[in-house]
Amino acid sequence: MNRLAVFLPARNPMTAFPEVTKVQYEGPQSDNPLAFRWYNPEEMVAGKTMKDHLRFAVTYWHTFRGTGADPFGGGTMVRPWDDGSESVENACQRARAAFEFFEKLDVPYYAFHDRDVAPEGATLSESNANLDAVAEVLKAEQQRTGVKLLWGTANMFSNPRFMHGAATTCNVEVYAYAAAQVKKALEVTMALGGENYVFWGGREGYQCLYNTDMKRELDHLGRFFHMAVDYAKEIGFTGQFLIEPKPKEPTKHQYDSDAAACLNFLRTYDLTDHFKLNIETNHATLAGHEMMHELEYAGMQGALGSIDANTGDLLLGWDTDQFATNYYLTTQTMLVLLKYGLGSGGVNFDAKVRRESFEPIDLFHAHIGSMDAFARGLKVAAKIIEDRAIDKIVAQRYSSWDSDLGKKIESGNTSFAELESLMLDKGEAAANTSGRQEMLENIVNRYLDIA
Ligand code: XLS
Ligand code: NI
Ligand code: NI
C-alpha cells in the first residue's frame with residue numbers, strides 16, 4: 001500500500017506528522033500555509049467563540065481510510081503509520097495517528113463509521129469484539145486530547161451482504177443483521193460520549209422499480225428507525241438522531257433524497273420528534289438544490305441538526321466530496337446556520353483530498369483551508385446579520401403583508417369570497433416592487449470586502 005513511502009523522508013515511528021506542530025492562528029496577512037488566517041478559535045463573533053459556532057469535526061473515513069482509489073485505478077495515498085493490513089493492531093495504530101492529527105489541527109470533534117475504525121471480522125461477534133478493542137483506544141485518546149465524538153454511524157453499504165440495502169433490503173436476515181449492527185454502533189457511540197448518531201441511507205433506495213416494493217421497503221425503514229429510538233431510550237443514549245439526505249449514489253434513487261423527502265418520511269412514520277437532518281453540500285447540489293436551500297428547508301421546520309461540509313465540482317456529476325474553499329458558499333451556509341443554530345451538531349468535513357494529493361501534509365492543507373473558509377464565512381455572515389443588510393430588504397419586500405389585509409390572511413380570518421369582493425372593488429392589485437436581486441448580490445460582495 002505504501003510503495004510511494006520510499007520517496008519520502010524517514011519518519012519517526014512514534015509521530016505520524018513530524019513536520020507539523022500545533023496549527024496556530026496567524027491572521028489574514030500570514031503566508032504560512034500551515035497557519036490559520038481566519039480561524040481563531042477563541043475569537044468572539046456574534047456573542048460566541050468561533051470554536052463554539054463552528055464545532056469542526058474531521059471524518060475518519062476519508063481522512064484515515066481514504067486510499068485515493070477511483071474506478072480507474074487503485075490507491076495512491078502514502079500513510080506511513082498504516083501497514084495496510086486489516087488487523088486490530090493496525091486499526092489502533094491508525095487511531096493514534098488520527099488523534100495526533102486532530103490535536104495538531106486543533107479540531108474539537110471527529111466522526112466515524114463502525115467499520116472505518118475497526119476491521120470487520122468473520123462473524124458479527126468477531127466484528128463487535130474488534131470494535132470494542134479499538135473503541136478502548138479511541139476512548140483513551142479522547143481523554144488524552146479532549147477531542148470529542150460528534151457522531152457515530154454504521155457502515156451498512158460496503159459489505160456485499162447489503163447489496164439490496166440494509167433497513168430496506170428484500171432479505172429479512174440482512175435487515176436483522178443491520179439492526180444488530182446499529183444496536184452495537186449506538187452502544188459504542190454512547191460509550192464514547194457521541195453527541196449525535198447519523199443515518200445516511202447507504203443503499204436504502206432502488207436501482208429498478210420492476211423489482212421493488214417501495215411501500216414495503218419504506219414501512220420497514222420506518223420500523224427500523226422506531227426500533228433505534230426505542231433502543232436509545234432503553235440504554236439512555238440522549239444524543240440527537242440525524243438523517244443525511246442524498247438523492248442518488250450508490251442507488252439511482254435514494255429514499256432520503258432531499259430535506260423535503262426526509263421530512264415527509266419522518267412525518268409519515270411519526271418520527272419528527274426524534275430526528276433532525278444532517279445536510280451535506282454535495283448531496284444538496286446532486287439533488288438540484290443549493291446548500292442554502294436545503295439548510296433553509298430543514299431550518300424553517302426546526303430540523304436542522306448538523307452539516308457535512310464539502311463541495312462538488314461543477315463539471316463532475318457525482319459526490320466528489322471536495323474541501324470547500326469558496327467564500328460565497330461558506331458565507332451562505334453560515335447565514336443559515338447563524339439563523340437557526342447548530343444545536344448538538346457541527347461542521348463535519350465529509351471531504352477527501354484528491355488522489356493526486358497523496359502526502360500526509362495534504363490532509364493539513366485541506367482542513368486548514370476549509371476551516372479558514374468557514375471562519376471567514378462566519379465573520380461575513382455575522383456582520384451581514386448584525387447590520388440587517390439583507391434582512392431589512394427582505395422585510396421591506398414583504399411589507400404589504402404587515403397591512404390589515406395581510407394580517408387577516410395570515411391569521412386565517414378571511415375567505416375567497418371576502419378577497420374576491422375586495423378585488424372586485426379595487427379592480428386591480430397594487431403595483432409590484434423590484435426584487436433587487438442584483439443589489440443584494442452586490443451587498444454580499446461588499447461584506448466580503450469589508451468584514
Ligand atoms: C456519503 C455520505 C456518508 C455519510 C456517512 O455520501 O456522505 O459519508 O456522511 O455515512
Ligand atoms: Ni456525508
Ligand atoms: Ni456524501
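Every residue gets a Cβ built from N, Cα and C, even glycine.
The annotation active site is assigned in TrEMBL to His113, Asp116. Feature annotation from TrEMBL assigns Mg(2+) 1 binding site to Glu244, Glu280, Asp308, Asp350. Feature annotation from TrEMBL assigns Mg(2+) 2 binding site to Glu280, His283, Asp319, Asp321.
Where TrEMBL records a feature, it is marked here on the structure.
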| residue | record | CB count, 10 Å |
| --- | --- | --- |
| His113 | active site | 22 |
| Asp116 | active site | 23 |
| Glu244 | Mg(2+) 1 binding site | 24 |
| Glu280 | Mg(2+) 1 binding site | 28 |
| His283 | Mg(2+) 2 binding site | 30 |
| Asp308 | Mg(2+) 1 binding site | 26 |
| Asp319 | Mg(2+) 2 binding site | 19 |
| Asp321 | Mg(2+) 2 binding site | 23 |
| Asp350 | Mg(2+) 1 binding site | 24 |
### Query
How far is it from His113 (active site) to Asp319 (Mg(2+) 2 binding site), counting Cα to Cα, in Å?
18
### Task
According to DSSP, folded down to helix, strand and coil, what is Asp319 (Mg(2+) 2 binding site)?
coil
### Task
Can you tell me which recorded positions out of Asp116, Glu244, Asp308, Asp350 are within 10 A of His283 (Mg(2+) 2 binding site) by Cα, answering none if there aren't any?
Glu244, Asp308
### Query
How would DSSP class His283 (Mg(2+) 2 binding site) in three states?
helix
### Shell list (Mg(2+) 1; ref centroid = CB of Glu244, Glu280, Asp308, Asp350; cutoff 8 A)
Trp200, Lys246, Asn278, Ile279, Thr281, Asn282, His283, Ile307, Ala309, Asn310, Asn348
### Summary
The binding-site residues listed are Glu244, Glu280, Asp308; by CA-CA distance, the one closest to Asp319 (Mg(2+) 2 binding site) is Glu280
### Candidates Asp116, Glu244, Asp350, namely the recorded positions, that fall within 10 Å of Asp321 (Mg(2+) 2 binding site) by Cα distance
Asp350
### Summary
As a whole number of Å, the Cα atom of Asp116 (active site) is distant from the Cα atom of Asp350 (Mg(2+) 1 binding site) by 13
### Query
Among the recorded positions Asp116, Asp319, Asp321, which have a Cβ atom lying under 6 Å from any atom of ligand 1?
Asp319
### Message
Filtering Glu280, His283, Asp308, Asp350 (binding-site residues) by proximity to ligand 2: which pass a Cβ cutoff of under 6 Å to any of its atoms?
### Response
Glu280, Asp308, Asp350
